[in-house]
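Copied over from TrEMBL:
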- A:H30: site 'Important for catalytic activity' (SITE)
- A:H30, A:H261, A:R352, A:S379, A:H456, A:D464, A:H468, A:R515: substrate binding site (BINDING)
- A:H70, A:G119, A:P120, A:L121, A:G158, A:N187, A:H261, A:F432: thiamine diphosphate binding site (BINDING)
- A:H261: site 'Important for catalytic activity' (SITE)
- A:297-318: region 'Disordered' (REGION)
- A:306-318: compositional bias 'Basic and acidic residues' (COMPBIAS)
- A:349-520: domain 'Transketolase-like pyrimidine-binding' (DOMAIN)
- A:E406: active site, proton donor (ACT_SITE)
2 protein chains.
Amino acid sequence: MSLEADRLQQMANAVRALSMDAVQAANSGHPGMPMGMADVATVLWTEYLKHDPAAPDWADRDRFVLSAGHGSMLIYSLLHLTGYARPTLQEIRDFRQLGSPCAGHPENFLLDGVEATTGPLGQGLAMAVGMAMAERHLNAVYGDPLVDHRTWVVAGDGCLMEGINHEAIGLAGHLKLGRLNVLWDDNNITIDGGVDLSSSEDVKARYLSAGWHVTECDGHDFGAIRKALDEAAADPRPSLVACKTVIGKGAPNKQGTSGVHGSPLGDAEVSAARETLGWEHAPFEVPEQVLSDWREAGTRGQSAHSEWKDRAAQHDTTGEFADRMAGKLPAMDDFDGALAEWLSGEQKVATRKASEMVLEKLTAMIPAMVGGSADLTGSNNTKTASTSAFTAQNYDGRYVYYGIREFGMAAAMNGMALHGGVIPYGGTFLIFSDYCRNAIRLAALQKVRSIFVLTHDSIGLGEDGPTHQPAEQVMSLRLIPNLNVYRPADLVETAECWKLALETPETPSAICLTRQGLPQVRSDNAMASGKGAYRLRAASAERKVILMATGSEVHLALECADKLEADGIGADVISMPCMELFEQQDEAYKADLLPNVPPEQILRVSIEAGVTLGWERYTMANGLNIGLDRFGASAPGDELFKHFGFTADAIVPKIMNKLNG
Amino acid sequence: MSLEADRLQQMANAVRALSMDAVQAANSGHPGMPMGMADVATVLWTEYLKHDPAAPDWADRDRFVLSAGHGSMLIYSLLHLTGYARPTLQEIRDFRQLGSPCAGHPENFLLDGVEATTGPLGQGLAMAVGMAMAERHLNAVYGDPLVDHRTWVVAGDGCLMEGINHEAIGLAGHLKLGRLNVLWDDNNITIDGGVDLSSSEDVKARYLSAGWHVTECDGHDFGAIRKALDEAAADPRPSLVACKTVIGKGAPNKQGTSGVHGSPLGDAEVSAARETLGWEHAPFEVPEQVLSDWREAGTRGQSAHSEWKDRAAQHDTTGEFADRMAGKLPAMDDFDGALAEWLSGEQKVATRKASEMVLEKLTAMIPAMVGGSADLTGSNNTKTASTSAFTAQNYDGRYVYYGIREFGMAAAMNGMALHGGVIPYGGTFLIFSDYCRNAIRLAALQKVRSIFVLTHDSIGLGEDGPTHQPAEQVMSLRLIPNLNVYRPADLVETAECWKLALETPETPSAICLTRQGLPQVRSDNAMASGKGAYRLRAASAERKVILMATGSEVHLALECADKLEADGIGADVISMPCMELFEQQDEAYKADLLPNVPPEQILRVSIEAGVTLGWERYTMANGLNIGLDRFGASAPGDELFKHFGFTADAIVPKIMNKLNG
């Protein structure tokens, strides 16, 4: 049942007014999009979106993603008007000010109802694809009574032009995600000017080619909007709704130009817009009738929510679904048993293979784990017996063939994690973390448990050469805040790192794994990786050297220590599978591993087959950093290690030089 | 004039045999693509490609880019067979071995005729777009007699699925690059299996939607291939030729499966393939007739080259075109004059604005400079009076509206630089270097002069918040080998950094610039930035502290020094606009700036509004690193600096603590 048009128009104009007023007050922000899409968003939020502002964590709510995140005042207005506890009007007044949850771009960790952190263009839509995948998967597992909702996206031309968008829509079309609907703010304007400055693409034909349903509407005609949304909702394919809008609609002198995209309207134009819109209210004032219409609309989902709760009580008697949505892990006894077994063994395996062995256990234990690879399944070793293919015909599958779409994969993983109920992991070569780096960053910023499986982690991959050999990638991932970067040394550490990755629900993980086989380096001290770094072997002779290494260089550090000890030089070996976790340890633990004595007394040496910048944090002045400060080369991996000096024969003399120097 | 089909087939089979034999000998590599595309490539290289193996640097040669770089044996075979000096047969025998130029993936710096380093999927095609842009631009400037060639690409499904491909074809279609022809190895196979595992895209419709011409052929029918190539060459739009092929064609038991994509065939299958192909020759043996047919084909371009040389002698009498293709810069007197003027001034400007002032000078002086931005022209300040828009109607324009396509832009820039005659620069926000990071890496690996203008370089950008605020990007770019990362402190340093960037033709540059205004910090010592770091101010009192800073934190370091000196504590201030250049200085210079004395004597402090990991290289043990080891927040920039402790009032007490601690 829809309100009469003029009352709906007033509601939409409230969004416009709040948006332009907030941007004006901040003297910073993007009024064009919220004003342009106010009518579409008003119809969507008052008549279509399934949500309950009183219960923003309702598992079966529709997900709404503002992919064009710069238009953040749109969602802040909608959340406030429909009656979410936050943002308050004061918080909207403080738009873009320190401490306000109304940040420049919507941030999922600041406000309920903001389902994803958006702004980096294209990623909102790509995360929405992941949400829609999670929805279909959970629907397949738990059925319609528990999971049956839509994912709505508002996207702009910027989103649609980005490469990641094309990866995302290719995936969505292939997987026939019919419950995903994208509302395209088709306003013909980008920051630089008209879209035709940089694009001649037939967007509708493009989406059709990806298997989407496409329709369009006048984005300022409520009836037309309803018709298009109905059509989108009905079509079994994912839908693109081209909403023809005027950017900055309501600002009479600036609307329809790039001038309203990213700048405040200015006081004069705000006044003019008030006049144009017939909005005679003070800044930030929403008249009673309009607010009460909005709040009334906000209660629309209460009964659906209530009915869902009844169904949940009936269908989720064990609480399994609720636990899963809450991200809880099952008991890990099976895993602990396997770890004990591996500790007592002596397996030489590549850590990517070790990861597969671990994943066999974990995916059998944890139904929430949904894996995949960007077309490197056999190389990333990400598929297990428990994970059949997730396809349009088989949404209960737990393995996604993402195709050659690394960025799209990483963003979809984030979307699944944000949706809840799924713990996504996905593989590519470590070098191609470059292709999806900003999605890894957004996982960290959003505090979600995405687990990136990054194999072929050094020159050890061999013949594929420098285009494929990571040199700077491990260290560069370490620079991303709130990301745990693991580089395990053997099967045991690989198992430990996987467990740690699962146990940090608010921190994503990058697990860097070798192509080549590695000897086992430890047979006791289960979960020693948990402190990020630990003394793998203590010096026998008087300690003169501390060797630190990660991953495939740990056994090399042990070899160096053997040689040094043979010469009567005591050498500790520290394995550091996760620098970030080590940083979190207390000073006593750190000082035990790395005593604060002058380098003349104990020489610190790092060994890692990657760039050295960063290792000085631990090796200090006059330490020794063994690494690769250049691009690699094409040759068998063992020859490259030799060629680039990663042998005990090459390293030990350097250490001796330092000791004697 | 074409050879009779059976002789042509033998020539194609020579490519197949060399490819499978080399992969088999290396026991590593990708036989499927070269064997599948051998027929298409043979027609292209013997009848269409304009080149002269005796003169691989012929400026007007067609460019051939193997975007599906894993099929590197295809191009190594073609180069050898058509008579390029390298690779020799021995070098092909040493495929993927240390020292052979026949690396796992084609590398432009190892072999003439390899126009681009490929392997990271999609980027070859995207670089080819840049080459085709450079061709049209130079054609517009110098005319048909000097520049009039095609760009050919061989791409696989992997290339076509990547997001960057969609950015690239969007740009190419918009710019109507009709002399770009992409030969798609349409074999329905990816690494994981059939393409239908991960994609349902209608590729032809997708290219049509981007403004391309599309045709197809049986990739094993010479007549059909010719017909399609003729059609592609004739059409004014960029062309996609879908070459229907059988991957691994000729290997009877494995062809048409993902098993031949990335693994050697094995001895038995190699034998079987010999039988199937009727190829009775020993491994690496090319029979005389076949080789002579190939060599004959390789001479096909000699007369065209000779005629071109005559035209060049007539049309490039000043040698301007030759100099430009050689990458030479004009005399920089105008620039030096401007720098002197700026030194004597006292301008407070944002360094992005400073960059624009510098670019006004440089683009007026250097016609080879072609700029652009990924839809942030007004924010990146990249457009100048000398650079009108480069459009399909105006190829002599020097400013590219790249659209919201950062990765496509960066790769296109690399392609322009590889083509020669163009010095590309392009802008985006520093945070979105994440979106194009692997193209920046490929610029470095390929040793080309791409200049990335990266504005909004810290929390100083303010209200846009953590999605847009670089924290780790400056340091993470520094990790890329052979990339100079500049972060200038004011107008003077910005000018110097630009000049340095232009003067390193084999090293790309990333210039990181502020959104916010910065005071001028230096008025003498022109080109001091050339050493990467320099003493901006020497201590007055006894030196107890060395402050190091970059960019927007240099003036802050000066403020800190003022306060310390006021307390009788001598403090040097070092500005470090380019860590990489500083690393290249001799030990004496480094020791002069950073004397090797214990931290008790001189405390070293770094100040940079980004992650601190890495700065320990210079601050050593017990130094002090002032930075931002977390994500930022949304608020006005000056408030954020205060909030996160980037003020003299916050920093000086920390220094005093250290000094007294």
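Every residue, even glycine, has its Cβ placed from backbone N, Cα and C.
Here the features listed in TrEMBL are placed on the structure.
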{"residue": "A:H30", "record": "site 'Important for catalytic activity'", "DSSP class": "coil"}
{"residue": "A:H70", "record": "thiamine diphosphate binding site", "DSSP class": "helix"}
{"residue": "A:L121", "record": "thiamine diphosphate binding site", "DSSP class": "coil"}
{"residue": "A:R352", "record": "substrate binding site", "DSSP class": "helix"}
{"residue": "A:E406", "record": "active site, proton donor", "DSSP class": "helix"}
{"residue": "A:F432", "record": "thiamine diphosphate binding site", "DSSP class": "helix"}
{"residue": "A:H456", "record": "substrate binding site", "DSSP class": "coil"}
{"residue": "A:D464", "record": "substrate binding site", "DSSP class": "coil"}
{"residue": "A:R515", "record": "substrate binding site", "DSSP class": "coil"}
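The secondary structure of A:N187 (thiamine diphosphate binding site), as reduced to three states from DSSP, is coil rather than helix or strand. A:G158 (thiamine diphosphate binding site) carries a helical DSSP state (H, G or I).
DSSP assigns A:S379 (substrate binding site) to a helix.
Remote same-chain residues near the compositional bias 'Basic and acidic residues' (A:306-318) are listed as 58-60, 142-143, 145-146 (criterion: CB distance under 8 Å, separation of at least six residues from the stretch ends).
Listed binding-site residues A:G158, A:H261, A:R352, A:H456, A:R515 compared with chain B at a CB cut-off under 8 A give A:G158 as the close ones. For the recorded positions listed here (A:N187, A:S379, A:E406, A:H468, A:R515), the lowest count of other CB atoms within 10 A around the CB belongs to A:S379.
When the binding-site residues A:H261, A:S379, A:H456, A:H468, A:R515 are ranked by how far their Cα is from the Cα of A:L121 (thiamine diphosphate binding site), A:H261 comes first. The Cβ of A:G119 (thiamine diphosphate binding site) lies under 8 Å from the Cβ of A:G69, A:H70, A:S72, A:G104, A:H105, A:P106, each of these being in the same chain and 6 or more residues away along the sequence.
Considering only the recorded positions A:P120, A:G158, A:E406, A:F432, the residue whose Cα is spatially closest to the Cα of A:H261 (substrate binding site) is A:G158. For the region 'Disordered' (A:297-318), residue counts in helix, strand and coil come to 16 helix, 0 strand, 6 coil, using DSSP.
Of all the recorded positions given, namely A:H30, A:R352, A:H456, the one with the smallest number of surrounding CB atoms inside 10 A is A:R352. Looking only at Cα atoms, A:H468 (substrate binding site) sits nearest to A:F432 among the recorded positions A:H30, A:G158, A:F432. Comment: substrate site residues A:H30, A:H261, A:R352, A:S379, A:H456, A:D464, A:H468, A:R515; largest CA to CA distance 48 Å, whole number. Calculated from their C-alpha atoms, the gap between the residue listed as 'active site, proton donor' and A:H456 (substrate binding site) amounts to 15 Å.
The binding residues for thiamine diphosphate are recorded as A:H70, A:G119, A:P120, A:L121, A:G158, A:N187, A:H261, A:F432; their greatest pairwise CA distance is 34 Å. A:P120 (thiamine diphosphate binding site) sits 15 Å from A:H30 (site 'Important for catalytic activity'), taking the CA atoms of both as reference points.
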